[in-house]
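**Q** Pasting the relevant annotations from TrEMBL:
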type    : residues                           : note
DOMAIN  : 207-382                            : domain 'Hflx-type G'
BINDING : 213-220, 238-242, 260-263, 333-336 : GTP binding site
BINDING : Ser220, Thr240                     : Mg(2+) binding site
Amino acid sequence: MIPFEKDELDGSRDLAVIAHPNLDSLGENALEYRLEEAVGLALAIGLKTTSARNFSVRAPKAGTLFGSGQVDQIKTILAQEGANILVVDGSLSAIQQRNLEEFLNVKVIDRTGLILEIFGARATTAEGRLQVELAHLDYQAGRLVRSWTHLERQRGGFGFLGGPGETQIESDRRMIRDRMAKLRRDLSHLQKTRSLHRSRRQKAPWPVVALVGYTNAGKSTLFNRLTGADVMAEDLLFATLDPTMREFPLPGYDKAIISDTVGFVSDLPTQLVAAFRATLEEVTAADIIVHVRDISHAASDAQSHDVKQILADLGVELVEVDGAGPLLIEAWNKVDLIDGDDPESPQLPDHVPENVVLISAIKGEGLDKLVDMISSNLSRNHDIAKISVPAGDGKRIAWLHENGKILQTDQQANALIMDVKMSKRNWGRYNAL
Ligand SMILES: Nc1nc2c(ncn2[C@@H]2O[C@H](COP(=O)(O)OP(=O)(O)OP(=O)(O)O)[C@@H](O)[C@H]2O)c(=O)[nH]1
Ligand SMILES: [Mg+2]
């Protein structure tokens, strides 16, 4: 759900200037993509960008981040372009934000604030909304600044900013803390229910595949292709927020489940990573992770690096071939945009690793290969063992039937000798029974 119509954007009264503080001396290309991405992020909450610029910040100023000459320059740009919002594509302290707002006399939002706004506008499920509200309060608790209430009201979209945003201004931090405590309780209640569902699902021997990747990589497009679902896939950053799970046909298995998840972005606010940890547990619980990459994007490598970093922050231990963690496959998407004969077109790297499938989710190219790779990797990650189970242990025998493939059974006096094929994960669970 998007809280605004695309057409509405043209009439939007919110014009933004984007200033990227270049602290880590990004190269020229990387900077350009970073600015482009910031324009996309701003657009995702309906802000029209009049210009996006890079400011080299060698020694960040405690009070304003940017140097005083730069702040003057920004003020001139805002006036010339008639913009009423400054987006700082970096992190601002509460004081820096307030000082800039006072001096520039416009609303100032930093990258974390922007991403939180997008998530706020996108969240549709009860859990998603609670998580975003919690992340937002966490962010606001440290900064009692003017809220976004007026913008939210104009759009008539998401309600929560109007609620806690206002209370926060007129009352104290304790109310925020109380509200956060309540949100945590509500969330843990919801999450208990969900983990019940998950453990029920885990009992079933169906493999679970999770799609992860940078925002706009094409996860939902691929998900829709594989499942025949109709999840929103759009050229919008963070089109998907709530995870969706569906069955899809996987050769060699009666059933398989695939999940589409929220996209990642560089500098994903820590508050959001924390808030979405529970939702992203779907990813941790998967048998295979398919990392969907927009290989036509010039910043594809940097994006891939960020995705892996976030997965690591989430505690997902990826395994390239076998082992106990989820397996990792990479789907290099949007190959239809690559023209090997055109030097101007993005090109594939010289070396394509073994766990990679080239696909075009939109054209349906390479999807059979991807599905085959999922299937063969799942079975590669299976071990066969001969075990002996007491004949009277009906529970254990039922568990094996449910979770593994019984290749052969040899009935002896007091025991069943079975050849069982099961994933390493399930062997781990069996040994812990
Ligand atoms: N040319 C081309 N475009 C694609 C392909 N796959 C997806 N797209 C486009 O890329 C854009 C993003 O696709 P989505 O499927 O919404 O991407 P996502 O990874 O789900 O994005 P988030 O939900 O924002 O994280 C859409 O405009 C798609 O039409 C592809 O194979 N080729
Ligand atoms: Mg999506």
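Heads up, the Cβ atoms here are built off N, Cα and C, so glycines get one too.
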**Q** Measuring Cβ to any atom of ligand 2 with a strict under-6 Å cutoff, which of the binding-site residues Gly213, Val262, Lys334 qualify?
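**A** The binding-site residues passing the 6 Å Cβ test: none.
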**Q** Mean pLDDT for the domain 'Hflx-type G' (207-382), as a whole number?
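**A** Taking every residue in the domain 'Hflx-type G' (207-382) and averaging pLDDT yields 82.
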**Q** Do me a favour and check the Cα-Cα span between Gly213 (GTP binding site) and Ser220 (Mg(2+) binding site); whole Å is fine.
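**A** About 10 Å separates the two Cα atoms.
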**Q** On a count of neighbouring CB atoms within 10 A, which of the binding-site residues Lys219, Lys334 is highest?
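**A** Result for the most crowded candidate: Lys219.
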